[in-house]
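All remarks here apply to the structure that follows.
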Amino acid sequence: MTKKSFVSSPIVRDSTLLVPKSLIAKPYVLPFFPLYATFAQLYFQQYDRYIKGPEWTFVYLGTLVSLNILVMLMPAWNVKIKAKFNYSTTKNVNEATHILIYTTPNNGSDGIVEIQRVTEAGSLQTFFQFQKKRFLWHENEQVFSSPKFLVDESPKIGDFQKCKGHSGDLTHLKRLYGENSFDIPIPTFMELFKEHAVAPLFVFQVFCVALWLLDEFWYYSLFNLFMIISMEAAAVFQRLTALKEFRTMGIKPYTINVFRNKKWVALQTNELLPMDLVSITRTAEESAIPCDLILLDGSAIVNEAMLSGESTPLLKESIKLRPSEDNLQLDGVDKIAVLHGGTKALQVTPPEHKSDIPPPPDGGALAIVTKTGFETSQGSLVRVMIYSAERVSVDNKEALMFILFLLIFAVIASWYVWVEGTKMGRIQSKLILDCILIITSVVPPELPMELTMAVNSSLAALAKFYVYCTEPFRIPFAGRIDVCCFDKTGTLTGEDLVFEGLAGISADSENIRHLYSAAEAPESTILVIGAAHALVKLEDGDIVGDPMEKATLKAVGWAVERKNSNYREGTGKLDIIRRFQFSSALKRSASIASHNDALFAAVKGAPETIRERLSDIPKNYDEIYKSFTRSGSRVLALASKSLPKMSQSKIDDLNRDDVESELTFNGFLIFHCPLKDDAIETIKMLNESSHRSIMITGDNPLTAVHVAKEVGIVFGETLILDRAGKSDDNQLLFRDVEETVSIPFDPSKDTFDHSKLFDRYDIAVTGYALNALEGHSQLRDLLRHTWVYARVSPSQKEFLLNTLKDMGYQTLMCGDGTNDVGALKQAHVGIALLNGTEEGLKKLGEQRRLEGMKMMYIKQTEFMARWNQPQPPVPEPIAHLFPPGPKNPHYLKALESKGTVITPEIRKAVEEANSKPVEVIKPNGLSEKKPADLASLLLNSAGDAQGDEAPALKLGDASCAAPFTSKLANVSAVTNIIRQGRCALVNTIQMYKILALNCLISAYSLSIIYMAGVKFGDGQATVSGLLLSVCFLSISRGKPLEKLSKQRPQSGIFNVYIMGSILSQFAVHIATLVYITTEIYKLEPREPQVDLEKEFAPSLLNTGIFIIQLVQQVSTFAVNYQGEPFRENIRSNKGMYYGLLGVTGLALASATEFLPELNEAMKFVPMTDDFKIKLTLTLLLDFFGSWGVEHFFKFFFMDDKPSDISVQQVKIASK
């Protein structure tokens, strides 16, 4: 019997209802009462029998208190433990006060939230909030779920068209949906610090500091404590800054006209509710559309850059003329009616038709609210940004297994110390402390910090290429990618298509490739081009819309005018009366237009789609368009039909299917698709680095195959699997580009022959063939051998990515962020390419920097006023942003730098402003110079903090379409992300290896070497500590190589190569230590009774062990540093390279007594010549032995082979 889940949501995997336990019943209270009571009884009544001294009192009580604190803190570390310790489970929602939520993967952390109850109109409402989403209890279904939105319920168009707005009491709806705002509470510094202070790592580090204090390492312990607290404080400040940034992403409430209770009223935008009717006007500079809406009447030009990242303004048209019985298709034909919250309306056209609802008083377009608050597109993006901050973490399961593996060695070392110490008669309390120190030494506290630093350095490196990431946990995924999928148009080819001419106009022409200019085209063709487009002219004169349509109209001579009119010299004025927007499902668009009082329909679309709508198909129709598509051109067919004169209402009632049937052919539009500059180089690099590159496009298969050959996705002869003929009998046919090879395929009974198909040809598959093959037993085999997918819909792109993931491959999808949203979200690594230029982005960055300086200057001015200090002068870079005056001496200079011509009138006005007296505020005991200098210093640093820190995400940086967003249109973003992904992976492996060896050597040093009486002096410990600090700071700074390697990084640590290398290197280190210790005892016999408490005194044992351990630390970093073929070699990491060289030089100089003064300063004792030779050779043996075993295991056991789907690329590339 399956367990019932109380919550229905895609982000919730499971849930449990909870009731709090009483304090006494909690595991950190009740079980400890008898333990404390037993200790008290033993202490006061049987002290001499059981405790026998203050040391054991401390051990027993310390262990008991530590265990109590540990159990008390466990609920703060794990939400399941918190539920177990603090709550009882129940199945009755009326009893429950809290609920435990288990989230689905990559949707934030699990959590316990309070269940709230409110009585409304006599009925009880039960709900809770989780991750800014509200969940309400539905008594009938016995489940919590988010409030239902009509837009998610597959509604009919008529459900929105008939809406008359809200009436009556809206208290219930306000409670149900909440405010239309982003309520992100900002905790105080101390609240956040308390949260960090109970984290397992922080508690463990403080516990270690306490142990070192007990062992009388005062300076070392207090310094460590200071460093730990400082690092946590810095992390808290960083989180606070990020939360404040998220808070600014909300839209400040402003007044909007809303149709409620059958009249227009002015309300604040935060009061909006779903199904409210609102008037949308041009948004103010600092504002935006307040929520998700659907246009009911009128039209708008919007800029969606703040949401999708795309800066090209889009035309949005209403659903007024859509058939009321049709289903709403938000991802299809109705996409053009959606206004997303957070976007900007640049221009609005009010409704032209009369309706039951009076026109808005502000002349805006009529729209209906679909979603509010965090449920909107912008709200979802902000939620992703907020909760992705928790996701930069190591693989917890692998890290835990790794630590358990190291603990085995720590337990063995502790057992040795206990046995040997007991034999030597050491104080047992001191022995227990030593044993605990050994066990804690193998838990590397640096591990999470180092791995997080690796991911953050990758984020910072990507930001320099204008690539931003909302889900940092995906960066290591990029290092494991098997399959790279690319859209064609706008991704591999440029957005700006070049208009080459018209084809197929004359039926008599023998040359099927003849191109006609606009001057040679008949008027009917010119009129279709002028009508079948969606370009709009803004009030400021800019024309917005598809770049391809802009190029076409410009080449033919049409000028776009206001109010859906076009004008062409010699042709006259053309008015577009109604548009049927392009649909990816229909693969065509249409318009109804009027020219010289004649009404006609103009249709434009894919040649094979238009072919089916023609009343008479011209001869050579297929030959003409296929001839151009084979050579890589983009081909669109034009068609039209005359319409009788009719009224506007009749035009509005026309059915799209009727308009687009019985058409007359008017020619083909031919465009050249230039490849992006970096497309060929990017695909070549991926092919050579064990990746499979495939193309998934909605374009024609012949064009797709041509472009795939140009960029290097396919090399050999290609067969296209498509429908066999015009009939709907589901029969398929493999045919080559020239149609000289054809192999029939019946999906109902045929199977794929590898020797005849996959071993001889590259394969391309169409969307039609994919549908026909649904459920075929060999579909996955076909996908494994397919290079190009053409004429596929957005849903099919999503299906392909999901299937490749199910087949066990790591997938990457690179698309344009508008048509490819589903596929981008399904891929392990989704990359949305936007259309920015580097120059434009630099200008935007400079603008942001100046805005930051302006805000900081205003804050500093307020700070001065609070301390009764004079206002500091305005810095020159932002002088033009403030009015002239005595405190703005650089005003004229700043205006000149911005290109303003300084007229005598401007100069006179500035002089007058500068001559005004400045109110001098009494210094109030503080010097005037210091605060002003502070302000200047802060301003100079504003906006320039670009280092190795992960950049703070802002709206407009990230696209809601994909986890990765490239603001540049460069395909090289793919290789940059893979490069950084491999770098992060390699960093992870190297950190595990280095920390493992350091911990193992530390366990050996704290046990066997310590018991032998070896102690190190302050100077020696300082040198060793500095080496480790420099190396740990430098090690993750290795930059990835420009060229992607054919080799692939290890995906995990538990394999023969990694574990074999760690254990073998450890064995080499132990062997050299044992050998040197043996040689030392020959010269300096071991004391029969070692005094472990004595002060440090130089000895041959101390000298030899310290020098060899110094070299072991060098070899640990140098041998396990992961450089080529993934990152720059160790010599390029200057800090680490010279640090290691310096320490190696110190060790060799000390071992050979090359500089006697150095040995004296380091507190080393003189050595015999024979011992110096043995010591030096042992140092070399230790280093080269470690190097040898590492390379042995790497050569024989490293699993760097590509997956089977990637191997095929190598095979075909070698044809």
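Glycine is treated like the rest: Cβ placed from N, Cα and C.
Over in Swiss-Prot, the protein carries these features:
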type: ACT_SITE; residues: Asp487; note: active site, 4-aspartylphosphate intermediate
type: BINDING; residues: Asp487, Thr489, Asp816; note: Mg(2+) binding site
type: MOD_RES; residues: Ser324; note: phosphoserine
type: MOD_RES; residues: Ser936; note: phosphoserine
type: REGION; residues: 156-185; note: region 'A-domain'
type: REGION; residues: 250-390; note: region 'A-domain'
type: REGION; residues: 466-495; note: region 'P-domain'
type: REGION; residues: 497-674; note: region 'N-domain'
type: REGION; residues: 677-837; note: region 'P-domain'
type: REGION; residues: 838-953; note: region 'Arm-like'
type: REGION; residues: 954-969; note: region 'P-domain'
type: TOPO_DOM; residues: 1-27; note: topological domain 'Cytoplasmic'
type: TOPO_DOM; residues: 44-56; note: topological domain 'Lumenal'
type: TOPO_DOM; residues: 77-188; note: topological domain 'Cytoplasmic'
type: TOPO_DOM; residues: 247-395; note: topological domain 'Cytoplasmic'
type: TOPO_DOM; residues: 465-971; note: topological domain 'Cytoplasmic'
type: TOPO_DOM; residues: 1012-1017; note: topological domain 'Lumenal'
type: TOPO_DOM; residues: 1036-1055; note: topological domain 'Cytoplasmic'
type: TOPO_DOM; residues: 1085-1099; note: topological domain 'Lumenal'
type: TOPO_DOM; residues: 1122-1133; note: topological domain 'Cytoplasmic'
type: TOPO_DOM; residues: 1152-1168; note: topological domain 'Lumenal'
type: TOPO_DOM; residues: 1198-1215; note: topological domain 'Cytoplasmic'
type: TRANSMEM; residues: 28-43; note: transmembrane segment
type: TRANSMEM; residues: 57-76; note: transmembrane segment
type: TRANSMEM; residues: 189-216; note: transmembrane segment
type: TRANSMEM; residues: 218-246; note: transmembrane segment
type: TRANSMEM; residues: 396-425; note: transmembrane segment
type: TRANSMEM; residues: 428-442; note: transmembrane segment
type: TRANSMEM; residues: 446-464; note: transmembrane segment
type: TRANSMEM; residues: 1018-1035; note: transmembrane segment
type: TRANSMEM; residues: 1056-1084; note: transmembrane segment
type: TRANSMEM; residues: 1100-1121; note: transmembrane segment
type: TRANSMEM; residues: 1134-1151; note: transmembrane segment
type: TRANSMEM; residues: 1169-1197; note: transmembrane segment
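Residue pair Ser324 (phosphoserine) / Asp487 (active site, 4-aspartylphosphate intermediate) shows a Cα separation of 34 Å. Considering only the recorded positions Ser324, Thr489, the Cβ with the fewest other Cβ atoms within 10 Å is that of Ser324.
If you take the Cα of Asp487 (active site, 4-aspartylphosphate intermediate) and the Cα of Asp816 (Mg(2+) binding site), they are about 8 angstrom apart, rounded to a whole number. Note on Asp487 (active site, 4-aspartylphosphate intermediate): other Cβ atoms within 10 Å of its Cβ, all shown chains, come to 24.
Mapped onto DSSP helix, strand and coil, the region 'P-domain' (466-495) counts 7 helix, 9 strand, 14 coil. Counting Cβ pairs under 8 Å to the transmembrane segment (1056-1084), the top-ranked stretch among 57-76, 189-216, 1100-1121, 1169-1197 is 1169-1197. Its own atom aside, the Cβ of Asp816 (Mg(2+) binding site) has 23 Cβ atoms within 10 angstroms in the protein chains shown.
Sorting the region 'A-domain' (156-185) by DSSP state (H, G, I as helix; E, B as strand; all else coil) yields 12 helix, 1 strand, 17 coil.
If one looks beyond the transmembrane segment (57-76) by at least 6 residues along the same chain, the residues whose Cβ comes under 8 Å of a Cβ in the stretch are 27-28, 32, 35-36, 39, 43, 51, 82, 85-86, 198-200, 203, 207, 428-429, 432. For the region 'A-domain' (156-185), the model's pLDDT averages out at 85. In the three-state DSSP scheme, Ser324 (phosphoserine) is classed as coil.
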